[in-house]
Amino acid sequence: MNIHEYQAKEVLKGYGVRVQQGIVADTPEAAHEAAIKLNAETGTSWYVVKAQIHAGGRGKGKIQETGSNGVVLAKKLEEVSEKARNILGGTLVTHQTGPEGKKVNKVLIAEDVYYPGDSEPKEYYLSILLDRAKGCNVIMASTEGGMDIEEVAEKSPEKIIKEWIDPKVGLQAFQVRKVAFKLGLSGNAFKEMVKFIAALYKAYEATDSSQFEINPVLKTSDDKILAVDAKVNLDDNALYRHKDLAELRDITEEDPLEVEAGKSGLNYVKLDGNVGCMVNGAGLAMATMDMIKLSGGEPANFLDVGGGANATTVEAGFRIILQDPNVKAILINVFGGIVRCDRIASGVVEAYKSIGDIRVPIIVRLQGTNAEEGAKIIDESGLKVFSAITLKEAAEKVQAVLKG
Ligand code: GDP
Ligand code: MN
């Protein structure tokens, strides 16, 4: 699960990680108030207005409606509300959002930490993630902060420092010093960076995260090290033991169909094709998607209704698939092991009647317990539903309906 920058910074602060201070706001007026409060707390008179969306590249990204960037500097208190107005409610397109962009509902009003007029601040890159191939966590760092790290990795991979952590002994103090040293730091900045990395790693482990990315980490002209940006990815499978973090979920950032499917206990992933499919079991779902491709179609989704599929889950699955305008046909491929085929067939017919107005042909392949009885229910329903017993038969019917 992803969380917003403003939430991530609060989490990091709780573990002693120094961050750029800020206050979140959802209206231009609240942004103005936030700036006043921030000035009282930090003494800052320059402010950074930052769009809060679950995607990076905001600084270079553009708000479609106003042309504003997703991260802008306000050098006067009076400018804050206007700059926030140009971002709030707009659609931010960055290299990570895709061309459709993401709607901005909140902005973070942050203190300017680049000390204008002072000597050059220095930006670093720092991330912690699980290296699946090596089976342990890795700290990655680079002096090339603030830039697109994928580009650095491609053009000058030697500029990325990696330190792997042995899960048996955990992060060792010498490893942290090694990273800070390789970043070319010395004196107070070195000490600050060591503290920063150690605290960050503690936060990473304690929150059961799968990825932290801090880009940029800033070294101020007075040698403070702090997080200017924070991307935190929490492990969904561990959320049950972090109720406070689970509450940070923002479903407006997620695909609405996937959210709806999740509520019904369905595993749904939207794809770009034209044949919707509903299957029980992930393996069968993948085989079915292959079959759709072989018959000349493209899968419109992955949908696993699970082993205990019944009329309710079938109906929920139907409704989700039908909301996708690209769908030209639906293939239901169910193996009747735990659930009997005749019950699935009745479920399909019931769901069909309950939804009404279904304009796409439906092919139902039932195999397993009571497959013949199931096929009979489908064939005798009088609806635009076709039954198939073998996979080949199902494929041919999909091909036939796609050709019209
Ligand atoms: P991202 O573009 O989504 O990664 O958002 P970031 O939080 O990394 O901000 C983008 C850029 O805004 C940073 O790389 C900085 O150059 C700039 N920025 C962020 N905070 C400040 C600040 O306090 N002062 C100034 N002058 N620039 C900032
Ligand atoms: Mn960033």
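Placement of Cβ uses the backbone N, Cα and C atoms for every residue, glycine included.
Per TrEMBL, the candidate among Asn267, Asn274, Asn280 that belongs to the substrate site alongside Gly337, Ile338, Val339 is Asn280.
Counting other Cβ atoms within 10 Å of each Cβ, the binding-site residues Asn215, Asn280 show the lowest value at Asn215. For the substrate site, the Cβ centre of Asn280, Gly337, Ile338, Val339 serves as reference, and the other residues of the chain with Cβ at most 8 Å from it are Gly281, Gly307, Gly308, Ala309, Val334, Phe335, Gly336, Gly368.
In this structure, Asp229 are the binding-site residues from Arg58, Gly59, Val113, Glu123, Asp229, Gly337 whose C-beta falls under 6 Å of some atom of ligand 2.
If you take the Cα of Asp229 (Mg(2+) binding site) and the Cα of Gly337 (substrate binding site), they are about 50 angstrom apart, rounded to a whole number.
Among the binding-site residues listed here, namely Asn215, Gly337, Ile338, Val339, Asn215 has its C-alpha nearest to that of Val113 (ATP binding site).
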